[in-house]
Amino acid sequence: GTLVRFSDGLKAESDWNIRERRGAGAVRTPPLEVGSSTASTSHFKVILLHNSMFANDALSESSSSSSSTTQQSTSSDRVDGSIIRPDLDLSSLAASAASCPQQQSGEAAERSPATPSFLFDDYDYHIYAHMTMADFSIGDEVEEEAPSQLEEVEESETVTHHKQATVREAHEMFVTVYGSCHLGELKASIAPGRVNLIGEHVDYCDGFVLPMAIPLYTCAMGREAIDQSRGFTLIHSVYFTETIKLTKPYTEGRDKYPQWVRYVQGVFALLEADSLPYLDIIIHSHIPPGSSLSSSAALEMSILYLIMEFLPDADRLSTTAAALLCQKAEHLYAGMPCGIMDQLVIAAAKNQRALKIDCLTLDYEAIPMSIAHDVVFLVTNSGVKHALATSEYAKRRSDVDRAVKLIGANSWRDVNEEYLKQRSSSLTGEGDMMDRACHVVGEIARTVEAANALLDNNILLFGRLMTDSHESLRRNFSVSCAELDELVEIALSVEGVFGARMTGGGFGGCTVSMVRRDAVEDLKKEIKNRYKGGEATFLECEPVGGVRIFPLDFLAPPRPPSNQ
């Protein structure tokens, strides 16, 4: 018999869902025919078990009378037969793509109205078996029908309120800066921040990461400038309290702009937006810069989605292509050699789901956060700000890029602990290279195990893996700092905390703790009383959806009552 542990979902996977990709080749899985018996709904007979991990229940076996062989819903953009690596020059892909057969199916047809010149979409069919359980008594034997696809979870009222508040504030500032205008002239996009639960500093190592989008938002709002003869786009930042003139050609003049503008300029330049009308834009954000919650990626994605509203539908990008463009903008214009995680989770996040991202293939899968019924992910801002572009982030990336070559591997995904041990002599005399390599190999393995722990609702294991990740980031990768270590130490001393770690690039920013719901206030109190690094602030997180165009009809004044 097989013991099935869950709270609100059951996932069944087939072995052939595993995709083996090495180097430039790809072994494709056969598409799942929706009409076939493989994809049809099946009935599961399960024994409902108590899913709480807070008691040491003795687990007994139960048998499943039948199961469904399905596949996890994933998405990717790639050139057929060749993996698009996150650090590839996007502008060079057109030539290689021209010799490859175009293939577009399934989700790609819906998500990519027009394929950009540098990228072809190829979304495989994958099916998610998900059981939504009614309020059965513990131990009841039930039969449930598994839907053939993962259903979208509705956004909570709280999250909608956060979004509307951010957009309303942006609108008020827009009127202050540019004057009043008809709502029909305005467009607005809103992009969330993110917290990475595990998988740190491996998104640029072809690894796996497990982030989720969080309800802190950046709003970009704009309209076509009334005077198109003026020769520039105006961009006003509420946070930086300055207005910048962005001039064409957008590919030139990077050094004349402040750092925050370069993220915006990069998006305009790589989208080849010289054909755009000149715009009036306001940027308003509740994501603190330097907090490791992806304020820069949220800025890039919100700007991209906004300016695409002023382009013909044929020029829209797919989800993954949009993430790649924003990553490229950060590399070339902001000088930050980031991985793909931040942009992709902000583009593709789903409500009440974490996103497991394969940074080699750019496939991703939405993982139900069943543990959210029992625990809270508490983000704690240390108050220590960092500037990654001028810190040692770039050096860490350079170190691991060199280390993988020294040990003779094409990718870190080809390296496990045994391989690293056999090739360790290649890193002798190379400073901290062996420590860096140990972190990458261990963190990739931990992230895969953590994603499975989420699916199994194994709170204890997930918490331990979070804490192990922090230790590796502190000891092996040396990207933590005294304030982050202090916050983690305090958190782990509080009863009801299952795990804690730094999140983001490091050198300051935030920690994330997995804490029992009824112990959250105790944890906050302990940090307020004991933390010596400054005044910490908190955010209780729920997973939210990704970047969207936000309708503005809620800003319209109410209609006067009818005389009838």
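Placement of Cβ uses the backbone N, Cα and C atoms for every residue, glycine included.
Please treat TrEMBL annotations as automatic predictions, because they have not gone through curation.
Listed features, source TrEMBL:
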- 59-83: region 'Disordered' (REGION)
- 62-76: compositional bias 'Low complexity' (COMPBIAS)
- 95-115: region 'Disordered' (REGION)
- 188-222: domain 'Galactokinase N-terminal' (DOMAIN)
- 263-346: domain 'GHMP kinase N-terminal' (DOMAIN)
- 453-532: domain 'GHMP kinase C-terminal' (DOMAIN)
DSSP on the domain 'GHMP kinase C-terminal' (453-532): how many residues come out helix, how many strand, how many coil?
45 helix, 14 strand, 21 coil
Counting by DSSP secondary structure, give me helix, strand and coil numbers for the domain 'GHMP kinase N-terminal' (263-346).
48 helix, 7 strand, 29 coil
For the domain 'Galactokinase N-terminal' (188-222), residues assigned helix / strand / coil by DSSP:
3 helix, 26 strand, 6 coil
Along the domain 'GHMP kinase C-terminal' (453-532), what average pLDDT does this model show?
96
